[in-house]
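Participant: Sharing a structure with you now.
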Protein chains: 2
Amino acid sequence: MSEKEQSVNTFAHEVKLENNEVGVMALGGLGEIGKNTYAIQYQDEIVVIDAGIMFPEDDLLGVDYVIPDYTYLVQNIEKVKALVITHGHEDHIGAISYFLRAVNVPVYAPPFALALIKGKLEEHNLLKKTELHEIKPDSFLDFGKLSVEFFQTTHSIPDTVGVAVHTPKGTIVETGDFKFDLTPVTNQYPDMLKMAKIGREGVLLLMSDSTNAERPEFTKSEAWVQKSIERIFDRITKGRIIFATFASNLSRVKMAMDSAVRHGRKIAVFGRSMETAVNNGRDLGYLNISDEFLLEPSDLKNTPPDETLILSTGSQGEPMAALARIANGTHKQIKLQPNDTVVFSSNPIPGNTASVNKVINELEEGGANVIYGPLNNIHTSGHGGQEEQKIMLELMKPKFFMPIHGEYRMLKIHSGLAQSTGVPSDHIFIMDNGDVLALDGEHAHPAGHFSSEDIYVDGGGIGDVGNAVLHERQKLSQDGLVIVTATINMQTKEILSGPDLLSRGFVYMRESVDLINDGRRVAFGTIRKAMMSSNADEGSIRQAVIDELSHYLYKKTARKPIVIPVLIQVKSN
Amino acid sequence: MSEKEQSVNTFAHEVKLENNEVGVMALGGLGEIGKNTYAIQYQDEIVVIDAGIMFPEDDLLGVDYVIPDYTYLVQNIEKVKALVITHGHEDHIGAISYFLRAVNVPVYAPPFALALIKGKLEEHNLLKKTELHEIKPDSFLDFGKLSVEFFQTTHSIPDTVGVAVHTPKGTIVETGDFKFDLTPVTNQYPDMLKMAKIGREGVLLLMSDSTNAERPEFTKSEAWVQKSIERIFDRITKGRIIFATFASNLSRVKMAMDSAVRHGRKIAVFGRSMETAVNNGRDLGYLNISDEFLLEPSDLKNTPPDETLILSTGSQGEPMAALARIANGTHKQIKLQPNDTVVFSSNPIPGNTASVNKVINELEEGGANVIYGPLNNIHTSGHGGQEEQKIMLELMKPKFFMPIHGEYRMLKIHSGLAQSTGVPSDHIFIMDNGDVLALDGEHAHPAGHFSSEDIYVDGGGIGDVGNAVLHERQKLSQDGLVIVTATINMQTKEILSGPDLLSRGFVYMRESVDLINDGRRVAFGTIRKAMMSSNADEGSIRQAVIDELSHYLYKKTARKPIVIPVLIQVKSN
């Protein structure tokens, strides 16, 4: 029997998996930080791991976020057994509503992620339509041919797990996001014994987090941050402390709360995501803060500043978050006071540096003392550095390796680390989203590709904004537009009214009277000349107006607004 | 005589300088990195130091750069004796054409800056109209009451000087950009003896570079970078080396060239600004490279890869620069080859990180080996850290201190450093652009303010783009626009044609037929209803269309395109 005849799974876009092969693929997460969505397939069973979004780069004007193309899963919907979630960050759960609308399958998620997912599904009216299951690190899911177990890891959000998918051909481990924090301030330790057990039993393929592959270090523990935070509370005896961090970083929230309680400060919580995180954290038992230490916003004015901690969102300089509004004076309940100390327990994500600096400048100009930056030891990454990536490789001792969760250069460095721990280079696969890796237990090889284009979500629209629309937005954002209106009679070759010019985002019309008047003359001459042509039609007149007016405006202003002719044809009576 | 009567200089915007006072002010450079432009005034003499641009932040859509408002200088044009330039970076000379169009005064600049300035003035047809003077570190300029001397400093461009303006009330020192590089690879050492001489003679006010005030360190020397570059050339024996850095960083260019010559590599120069820098550097004697080591682009294909160095622009990920085009395969003369090594001898400026990472990823995906980042020791800053800022304070021992060249938080930290070296806090002035500081030799006090708004340059327009136009561009960039066209007869209350909808940057029209058709119906109903109103006029109909259609489109798409009604009125016959 030829290889071809043996094939049972021939999908669109030439994915070819043999009956004795496990397929491993990413719908998102390779060559990028974001939209993590991985799938393990064996015969008629698929398990999907995570359903993340990616935040758009600056040139995706107006795009709210980017999600994967789920077509491959939709085409194989009857095979998809589960969506398994590793933790509750947006790049792992943010697209879950879009995912479930495309592929409504049971969701398995650890408690903190599950609480956040419920909120999302409620907003999208999907809560009742979705089968949700809570998983614990010792959960075991059996789908028939595929089964899944978990191992606890440490990251910058509670309840983070790695996933081991057992297949008849061997075990595939997807680490999720991880660091080895051996002194976590939560009681959630990285379960190295379980990782070692899985490794000892044999790992066919390790898919491991590459985020910090550029850092030749062991990421510092949250306990190290805790000391710095405690020192700040020791030192700041006058005025309020305003503490900003990622809401989901409950370790950081817990440390700030604990230090506050020890120093006689009560806690007010601001920002929607921070309120949600604190509520979820208390419900799930990760924050043991009693009501007496919590302030309502309205209590704030009656509480002495040196007995106050304000927990706030906005550590990334987000312009609508609580902290930015405190900084620029538009927050309704919190006005800056002398002796306020603001702590940024965070590092700016690349791209946010300017926004964060703006908020810091504004806070300092407003008289606050601001504690920020790497020198203050108030932040550590949630991802392991090279040393931890090597530990994971050593614990799992995989036969094959696939670096995931990273841009290309990170994946490449991570590959080098794998080689340095003994994985042969031909057992390592740097793949793209949509690439399929086939494993039969002994060998691994690329087995085709499916479409994995970025899908843009803009407002209520999914995928209805693409490169042409974005290109128009780009042009509009640079130089605006000019609309030329005229009423014409094609039979008599007359211009009955206009042409009039109106613009948006181009120049101040009132201060550019000459430009506009001359532009009208150019348009008038162009329309008249174009109408006189023997084969004149609306299209040719429009094009002539676009060409001539664009040329004129560029000559006068060195700008290229989009020129839109609106020609109304009136017939002779 | 009252203080008021004594005043000789009462300018617009309430600047008040007494006859016995020196005025010190910034038109740009305070509270920002960019558009450095400082002025020292005594009675009827003003000396201006630098004429920089600022690159726009991301939200200034379509703006090419930002320049200061020169109105104060224009109003006092007969007093302005000179524009003195400290060095040739864009944030110090980039606005010189705009400056000279407003205030055509003699320009004094060191050789490397002067060469760059000549290029700019030629482009703007100003070369013949401008009086240009070359200065050396030992130049002395005498304007009558004010005189100017210079002291050599080290920075990331050749020929950088600090400026001492001697006034009858004391000496004002403006450091320009500086670090104390005690082992510069050029032969331009920081002239500490001259600084000390100026300090010993007495400095009334020190205005000092605050860029690296956040760094508690002594910035590393270029000699340290040189070792890393030499090691790279030692190690890379196969394939081409492509070396990217700021073109103006002639030290870096020189080091790469020297290493190339030592390792038997010939040098090809790519990118317009790199070509200019190399030409200027050779003309001025800073690059002693003989023709035999230089390659023409056409020689490249006949030169063995391991005998080739390509010097390139684009180290900041600029999309149109040579390196980005090499990376994405669109460079006409250079295609990536196996064994190519690309060196980024630079750090990304905040805001450029994503672009730089994109180029690195593309280069690595193309098979190149890329050397980048702080771990490779291939870059050092051109600005001194806190230790060097304190050395400058110690050498100058100023009576008063004004931190310049920095965002607010940097100015604030620099103030703290000044205090730590003994400057009393009430002798330190953190000022804004447009603030005037008055000094009579004994005392210093704020003396009013003049307008110092940012002026936006967009294409050929200066100041014709403001917040309203930018706000329109912002809206257009997010959701595009929808134009509604209809011909109406207000007398008969008829809609004669339309309404038709057309859009740009909103949705794909062809794939949104229902949305557009329903939108037309909404517009039709709205126009008809609005026309029926007893006091209907074109304005009220237009507003109704905007309101109703915006509401409809938001409900359907969660987007807010700009709605522009174009209503053509036709009269009854």
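Backbone N, Cα and C atoms are what each Cβ position is placed from, and that goes for glycine too.
From TrEMBL, here are the annotated features:
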{"type": "DOMAIN", "residues": "B:34-229", "note": "domain 'Metallo-beta-lactamase'"}
{"type": "BINDING", "residues": "B:Gly62, B:Asp64, B:Asp458", "note": "Ca(2+) binding site"}
{"type": "BINDING", "residues": "B:His87, B:His89, B:Asp91, B:His92, B:His155, B:Asp177, B:His405", "note": "Zn(2+) binding site"}
{"type": "ACT_SITE", "residues": "B:Asp209", "note": "active site, proton donor"}
{"type": "BINDING", "residues": "B:Ala247, B:Ser248, B:Asn249, B:His379, B:Thr380, B:Ser381, B:Gly382, B:His383", "note": "substrate binding site"}
{"type": "ACT_SITE", "residues": "B:His383", "note": "active site, proton acceptor"}
Participant: Return the average pLDDT for the domain 'Metallo-beta-lactamase' (B:34-229) as a whole number.
Facilitator: 96
Participant: Measure from the Cα of B:Ala247 (substrate binding site) to the Cα of every one of the recorded positions B:His87, B:Asp177, B:Asp209, B:His405, then give the nearest.
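Facilitator: Result: the closest of the recorded positions to B:Ala247 (substrate binding site) is B:His87.
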Participant: Within 10 Å of B:His383 (substrate binding site) by C-alpha distance: pick out those among the binding-site residues B:Gly62, B:His87, B:His92, B:His405, B:Asp458, and say none if nothing qualifies.
Facilitator: none
Participant: Around B:Thr380 (substrate binding site), how many other C-beta atoms are within 10 angstroms of its C-beta?
Facilitator: 22
Participant: Name, in order along the sequence, the binding-site residues among B:Gly62, B:His87, B:Ser381, B:Asp458 with a Cβ closer than 8 Å to any chain A Cβ.
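Facilitator: Near chain A, the qualifying binding-site residues are B:Gly62, B:Asp458.
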Participant: At its widest, how many Å does the recorded substrate site span between Cα atoms of B:Ala247, B:Ser248, B:Asn249, B:His379, B:Thr380, B:Ser381, B:Gly382, B:His383?
Facilitator: 17
Participant: Radius 10 Å, atoms counted are CB only; among the recorded positions B:Asp64, B:Asp209, which position scores highest?
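Facilitator: Counting every other Cβ within 10 Å of each candidate, the maximum falls on B:Asp209.
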Participant: B:Asp458 (Ca(2+) binding site) to B:Asp177 (Zn(2+) binding site): how many Å between their Cα atoms?
Facilitator: 28
Participant: Listing them in sequence order, which of the binding-site residues B:Gly62, B:His89, B:His92 have their Cα within 10 Å of that of B:Ser248 (substrate binding site)?
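Facilitator: The binding-site residues close to B:Ser248 (substrate binding site) (Cα within 10 Å), listed in sequence order, are B:His89.
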Participant: Among B:His89, B:Asp91, B:His405, these being the binding-site residues, pick the one whose CA is nearest to that of B:Asn249 (substrate binding site).
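Facilitator: Out of the listed candidates, the nearest Cα belongs to B:His89.
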Participant: Out of the recorded positions B:Gly62, B:Asp209, B:His379, B:Ser381, B:Gly382, give me the one sitting nearest to B:His89 (Zn(2+) binding site) by CA distance.
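Facilitator: That would be B:Gly382, the closest of B:Gly62, B:Asp209, B:His379, B:Ser381, B:Gly382 to B:His89 (Zn(2+) binding site).
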Participant: For the binding-site residues B:His155, B:His379, which Cβ has the most other Cβ atoms within 10 Å, all shown protein chains included?
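Facilitator: Result of the Cβ crowding comparison: B:His155.
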Participant: Quick check: which same-chain residues outside B:His87, B:His89, B:Asp91, B:His92, B:His155, B:Asp177, B:His405 lie with their CB within 8 A of the centre of the Zn(2+) site CB atoms?
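Facilitator: Nearby residues not in the site list: B:Asn36, B:Asp50, B:Gly52, B:Thr86, B:Ile157, B:Thr160, B:Gly176, B:Asp209, B:Gly382.
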Participant: Compile a sequence-ordered list of residues in the same chain as B:Ser381 (substrate binding site), six or more apart from it, whose Cβ lies below 8 A from its Cβ; state 'none' when nothing qualifies.
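Facilitator: Looking at Cβ-Cβ distances below 8 Å from B:Ser381 (substrate binding site), excluding near sequence neighbours, one finds B:Ser156, B:Lys179, B:Thr211, B:Asn212, B:Arg215, B:Thr219, B:Asn347.
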Participant: Using a 10 Å cut-off on Cβ-Cβ distances across all protein chains shown, tell me which of the binding-site residues (B:His87, B:His383, B:His405) has the largest neighbour count.
Facilitator: B:His405
Participant: Here are some binding-site residues: B:Asp91, B:Asp177, B:Asp458. Which one has the most Cβ atoms within 10 Å of its Cβ?
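Facilitator: Within the set of binding-site residues, the most crowded position is B:Asp458.
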Participant: Rank the binding-site residues B:Ser248, B:Asn249 by how many other Cβ atoms lie within 10 Å of each Cβ and give me the one with the fewest.
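Facilitator: Across B:Ser248, B:Asn249, these binding-site residues, the one with fewest Cβ atoms within 10 Å is B:Asn249.
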Participant: Rounded to the nearest angstrom, how far is the Cα of B:Gly382 (substrate binding site) from the Cα of B:His155 (Zn(2+) binding site)?
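Facilitator: B:His155 (Zn(2+) binding site) and B:Gly382 (substrate binding site) have their Cα atoms 5 Å apart.
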Participant: Determine, to the nearest whole angstrom, how far the Cα atom of B:His405 (Zn(2+) binding site) is from the Cα atom of B:Gly382 (substrate binding site).
Facilitator: 13
Participant: Can you check what DSSP calls B:Asp91 (Zn(2+) binding site), collapsed to helix, strand or coil?
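Facilitator: It is helical.
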